[in-house]
Structures are given as structure tokens and as C-alpha cells.
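Marked as domain 'PINc' by Swiss-Prot on the basis of sequence analysis: 14-121. The Mg(2+) binding site annotation in Swiss-Prot covers Asp19.
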Amino acid sequence: MRGSTQGCSPTGREAIVLDTGAFIAGKAAALPGRLATPPRVLEEVRDRGSRSLLELLQSTGRLEVLAPSTRALERAREEARRAGVLGRLSGADLEVLALALDLAWQGCRVAVATDDYTLQRLAARLGLGVVRLRYRGAV
């Protein structure tokens, strides 16, 4: 994982990986603990309010922008292909899943913060937690 500033201990730390919806919904700042997001999510966050929230979280050190490993991206793609949903996922969605996998492989207890039902189901299939932002959710 490129850009990693801290790992997780064997006993685990909690980490929440944010998709674009966490910024658009304005919910990112209310989430507890370590927050992380991949670079492609930054590219998708365009509106002024969401962008301000993202930049505030980055500048205060609450949010880490981390690139997922190639290994984790391959695993996320493979699982999406098996589930028959690869065509429904954006590059940012795949990076969110892959980053969550990387953090889990480091020993973190990881959840993906998203309202995207496809992303929720894949996260659950991969043994990751899910944080719903505005809607009840698929899992």
C-alpha cells in the first residue's frame, strides 16, 4: 500500500474506508477513528461543500489518502467478477474495496462507509464491515 503512514497492530485498530458518498452526504467528519480513502475518490469529490469537508479532514490529519496495492486491487476485481458486478463498479469503488483489504491484511478491523448496495455486498463477501451513511443498506 503506497502512502501508508501507519499500520495496524496484531490486536487490530479500527479503520473506516470512505467512498465518495461519505463526503457528498457530509457524514465523513462524524465517523470515529482512523479514516482513509483512495486517490480516485478525491477525483470524484467535486462539489464545493464535499471538497471543503475532504480538505478539512486531510489538513487536520483525520483523513489519510492511501493508494491500494496491486495485489488488493486484483483481489477486489476478482471478487467483483465472481459476484457478477464488475461492470457496475467504478475505479474508485474498486480502490475503496482494495484499500479496505490492504488495511485488513495489516490487522485492522475495517469497515467501508458507503450507501452503494453493490459495494456493501462485496465488502461483506470479503469479510469487511459496512457503515451505512444515509440509507438502511443491503447488508
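Using the three backbone atoms N, Cα and C, a Cβ is placed for every residue, glycine included.
Within the same chain, residues at least 6 positions away in sequence whose Cβ sits under 8 Å from that of Asp19 (Mg(2+) binding site) are Thr37, Val41, Ala92, Asp93, Val96, Val112, Ala113, Thr114, Asp116, Leu119. Mapped onto DSSP helix, strand and coil, the domain 'PINc' (14-121) counts 63 helix, 18 strand, 27 coil. Across the domain 'PINc' (14-121), the model assigns an average pLDDT of 95.
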